[in-house]
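Notes to accompany the following structure.
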Amino acid sequence: MQKMAELLRLSDERGEGTSGAPMLAGSCLAANRLNLDVYPNGCCHFLWLLKEKREEVVQVEFLRLSTNDCLIGSTLDSLPHLKHLKSLVLKGGRARDEFGCCQHGSLTSLPPEFGNLRCLTHLDLSFNRLSTLPSCILHLPSLQVLLVSHNSLVALPEDFGCLSKLTFFSAMKNRLRGLPQSIGELSMLQTLDLSENVLQLLPEEIGNLHSCTELDLSGNCLLSIPDSLANLKSLRRLRLHSNSLVMVPASLASLPSLSRLDLRNNCLRAIPAEIQALPFVCLQGNPLGETEPSLQADEFSARGLRRLFLSLGENSFTVTSEGCEVFLPCGIIFFFPPGAASDPLQICFKSLEPDPKWVKLRHHDVLLSTVLELQPHGVKFQQEVQIWMPFVSPQTLHWHEVVVRTFSGQSWSDLRTTVEWKRELMGPVAHCSVLHFSWFLVVSRLVQDECKVPAEGTLLFSSVDPDIKVVFPPGVTKEPRSVKMQVLPVSAREIDEITAKEGCLASPLLCLSQDSLVDFLKPVRIQLPLPPGVTGLNLDRSRLHLLHGDLEGQTWDDITNQVVLEFTHVYAVFEVTHFSWYWLWYTTKTYIEGIARKVYERLRLYQVNFIALQRKKDPEQVLLQCVPRHKVDPVVKKLQQRYRGPEPSDVVEMFEGEQFFATFERGISIDMDRPDCVDGRLSFIFYSHLKNMKEVYVTSPVDRKGQAVKGQVSFYRGAVPENIPEDASRRRKGSDSLWLATLPIKLPQLKPRWDENASLLCGFSFPPLNLGSAETGYLTQANLLSIARRVGPDWQTIGLNLGLSYEQIERIGHNNREDLDKQILGMLFSWAQQNSGDPNCVSKLIKAMKESGRQDIADEVETIINLGRQKYSESIRRVGLEQGSSTEDSAIA
């Protein structure tokens, strides 16, 4: 109160007195409403009223304040005292600048105590400066209407779906790039306005908004929309104008309640006939061409070529002599020019997880993508085919560059690559051209400068550090040869941290290589900058060491006495006849080779933490992840709304491409049939820029229902990448040296195994089931029981995504209301019996699991089906029935 009185006193001194406050009290408090946003000093009036008429003010149910008010910051702390508040408007836009434009309010956050407003149903925070949605909003249990338009939001919280009573949400005119998957949990949402943002993709879960009647996605950067929008049976108005849509699904035409579909100002060239036939569709501003109702994914590009947009589940396409452009769901783009293929050719593609046994990374390489395999291998195109591959954007370092690397079956080589920005993907892509198809991936490597050295000699400069140069004198070679240069800068801070501040200084690392095994005929002159802080004026030659390392960096030799070193004010110059690593050190230490080897090893290591979290709704579902240290805090913050568990492990060090294992111990185990399970341990490969994350279900070897299980998960090193420094390899021998970290896992209650407790099937009588087909493999009753055991409380969401009606879900829940296990069984087997004759039912099951956020179950079903397909192919091959089988053996296999 003392602070409030001081604020009021200052307001009076500025001439903003409260003489009108008694009148306001009499006119506004009578109806439990306070509309103070229209007054210049509304916050000042509110503080006066709270001081003088507190008992009446705390009963207010409707309050409006302007966030352009200079006292809004002080007023916010008082608002949580209004426990009966139902509607709160804290908007900017009341003030205008010199050009007449609305000025945004000063609101950037809300006090955590706002979450205590249990009665609040309406909240308007429009025209402010919010960059993130205040976390306290997610704790408002009664909130039905939320407006945050005209702010600066770039993302919504991952657990945004916890606002279960929300019926109206507007976030227009922000900077949203994507939506959380949990948005599909807003089962009561009727109006969703996300117009004028920068949305690139929509999650499939948006199709779970079954109550939605109005959806506005106009003015974004959408290239496509998910097929799941066809599930919005209540949708009346759908606004998609002013995007970059190149296709729309024909299934939108089947929405029973739709009365308005706005597709103006997009990039639509071909539209399904069903959409064009709608009387209420708006199509102006699209470069419409011929309609192709039989092939929704086909369009024609500006080059006049056919455009193919493949959907999830497709793994091949056909190229003709006319050429085409092909867009894969993962973002990869192909351009086949006319004449690239003389005859129709079927192209098959698949994405492979990188295996360090054959994906050989070089020193200081960083993997930025999975492996793309394109078949047929070895077929030569008549013209170069262009490929655009999206990749994870690495940390921007001027001494690194992004390249596409391809595998010939024997070795990897780098392709000439350019990095471009694709607006439709809102991210970078690596662009290359090829004449053959094989395996491709994207890496970040040290910048490589190269040149051809003729007999007349030449000069090569580093683009990373222009002070580094190599002079090739005339007569240095008889035949022209190719020379490559790479430079790795090393900061003084890194040297200090690694050497424990022993006073060492070092120049950048220089690596030279050539395509010839023969040494140069004449010495090659190399110029390196002196270590930082060292000049020709203060140089102590006894402290300067020139080190030579092999190409693998395992050994470093001091060659100071074997070469003639010349010095200028800032450079050291020497001559050599063969190429490798060269490194200039300045130190008082005599045995510098060991220190250099230690520093070089540490430059290749990443500091990481391990995370082991359990899903709040189902503690048996455990998420494991290995995260680089600088990413730990944002990753944990993103996961903590849905998961809980111990703090991340202590920091450990790992190499790019290093294998490690997770082992569940002390009474906890996992499914040993998983393809990534090796001797009872989960296998991981650490790549610093790819997700090293897995979700698994844990069980107990014995039935301990009703008892807490206190176990743990430990992480151990596996295979060490080839050619790492000898010291690092030696330290990792022995059982103790393999251990990395241990984190606790607690299961409050374990469910018994389905296949070991026949009583779970009591009351159920199911006929034999064979879902699928002979070629793809079947899902049997045993498979469904195994899947059911993993479902848990998500069964209703899964059932709806499988196509069961609300009435069926309600009936199953009511008939088995005392037993969650039987509810799950009833849902799964009801669906199975309805779809037993559908050959596509398994793919529908996988899709439903993904839409329900259960990627772990989807992966399990795909593993079962792949195993069935493999067994079927082997049986066909054994009896000699396979048609068109190829005799080519894959180099990868």
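Backbone N, Cα and C define each Cβ position, glycine as well.
Annotation comment: TrEMBL describes His436 (among others) as active site. Sequence-distant contacts of His436 (active site), defined by Cβ-Cβ distance under 8 angstroms and a gap of at least six in the same chain, are His377, Gly378, Val379, Lys380, Phe381.
Sequence annotations record features per position, and here TrEMBL assigns active site to Ser438 (among others). With a 10 A radius on its CB, Ser438 (active site) counts 18 other CB atoms from all the protein chains.
Residues or ranges marked as active site by TrEMBL: His578 (among others). There are 12 other CB atoms within 10 A of the CB of His578 (active site), with all protein chains counted.
Sequence annotations record features per position, and here TrEMBL assigns active site to Ser580 (among others). Cβ-based neighbour count (10 Å, all protein chains) for Ser580 (active site) stands at 16.
The annotation domain 'ZU5' is assigned in TrEMBL to 313-446 (among others). Under DSSP, residues within the domain 'ZU5' (313-446) fall into helix, strand and coil as 0 helix, 65 strand, 69 coil.
For the domain 'ZU5' (447-588), the DSSP counts in helix, strand and coil order read 14 helix, 59 strand, 69 coil. Taken from TrEMBL, the feature domain 'ZU5' covers 447-588 (among others).
For 780-865, the entry in TrEMBL reads domain 'Death'.
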Residue pair Ser438 (active site), His578 (active site) - Cα distance, angstrom, rounded: 34
Tally of helix, strand and coil residues over the domain 'Death' (780-865) according to DSSP? 68 helix, 0 strand, 18 coil
